[in-house]
Amino acid sequence: MANKIRVRYAPSPTGLLHIGNARTALFNYLYARHHGGDFVIRIEDTDRKRHVEDGERSQLENLRWLGMDWDESPETHENYRQSERLELYQRYIDQLLAEGKAYKSYVTEEELAAERERQELAGETPRYINEFIGMSETEKEAYIAEREASGIIPTVRLAVNESGIYKWTDMVKGDIEFEGSNIGGDWVIQKKDGYPTYNFAVVIDDHDMQISHVIRGDDHIANTPKQLMVYEALGWEAPQFGHMTLIINSETGKKLSKRDTNTLQFIEDYRKKGYMSEAVFNFIALLGWNPGGEEEIFSREQLINLFDENRLSKSPAAFDQKKMDWMSNDYLKNADFESVFALCKPFLEEAGRLTDKAEKLVELYKPQLKSADEIVPLTDLFFADFPELTEAEKEVMAAETVPTVLSAFKEKLVSLSDEEFTRDTIFPQIKAVQKETGIKGKNLFMPIRIAVSGEMHGPELPDTIYLLGKEKSVQHIDNMLAKL
């Protein structure tokens, strides 16, 4: 095994980058960068049935968007896709066959299904029963000849040491062990189509690429003893394994499901909605790991410096969309204006709102944004029809002092010349209404805000009125007075 730390992220190109897989990549990336090691990308494309066109490109594009870089990948190195490594796998399969550590299996899918059904009806744990048990060499040869004559293409199975104990000290979960008798019998290492199975190919790849640490989700724990069997059969040292806990929905407490449409689970979704990649990176880094303390906002460089595998959580990581949005808002509020405007610009352009007011509108709503696509509904006031009032807003406007406040403020606005109507002159007009009417606080400000914007909350009121313009602000107040 290599002395230098080398980790890998090895996705299957079967679709978009899920947040769980992004976390796997990110923790491997942080671990490698913290220790001065190598971060390797390898594509595991042996499952041809689930292969998705452009799946590999999507994975790499989204990792790059998150801000990860890598040292080796199919983009720069040959044979970093499993489909390009079939000769290498065949070499080791032939070796195991020659050494009697693996054998060709001619049992059919129908026979396997029938045996599985029998075992289940008998209350037995389903497992493969070696088809050659009880056969003499002559009977075995006749069986193989008959099967091959029938056109049956064999698989290759690894001969499992049923009395073996397969254990490791997990980087996250501590000591774990499996008995060879509980693996399910001799298992397939090469399918009928000539492709290796995952648990075989991954061992060959990790050894060949000198991977020192395998950090992945704990859904892979059951795969680890099988992989240890391959390491043992080939006489190789296994890497260190670390299995991260599941990501669960913070509201239901259940495993995060791709069918849950209330949460954004694919990195592509965050890109399309205009989240800052730095915010998504920060959020994912805290799913099952924390550096200690109360602080939650970290730059990429800080996360690299702080990353400590000993602080990987043993408890499930809660995915909280509200926390993601809070964190995203914090990043957008504190980002430079040019970066935020660049994110908002495509959404404004698509909505036909890239006017001379666009920059001022983004500046106005920047503190409220959780994602850049929100700039369109937030600016409806300036482009769309006046919104219907909510019940809470109607209740505010039902107060007997509202007509007095609105009429007085309208008069103040009308009295201002175009030159006098500026952002800085609006607040003094509101204070003048307070002085004249004796109405103050929410009873003063809230009716004006609702009458002008149709909302109880929003940017600073003088900013909204100034950008809306005197004429339109007066028009909105007149319309509201007519409804009272």
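The backbone N, Cα and C atoms fix where each Cβ goes, and this holds for glycine too.
Residues or ranges marked as motif ''HIGH' region' in Swiss-Prot: 11-21. Look at Swiss-Prot and you will find 255-259 tagged as motif ''KMSKS' region'. Look at Swiss-Prot and you will find Lys258 tagged as ATP binding site, backed by sequence analysis.
Counting only same-chain residues 6+ beyond the ends of the motif ''HIGH' region' (11-21), those with a CB under 8 A from a CB of the stretch are 43-45, 47, 50-52, 55-56, 58-59, 62-63, 217, 247, 256, 258, 264-268, 284, 287, 319. Averaged over the motif ''KMSKS' region' (255-259), the predicted model has a pLDDT of 79.
Its Cβ placed at the centre, Lys258 (ATP binding site) has 13 other Cβ atoms within 10 Å. The DSSP breakdown of the motif ''HIGH' region' (11-21) into helical (H, G, I), extended (E, B) and coil residues amounts to 3 helix, 1 strand, 7 coil.
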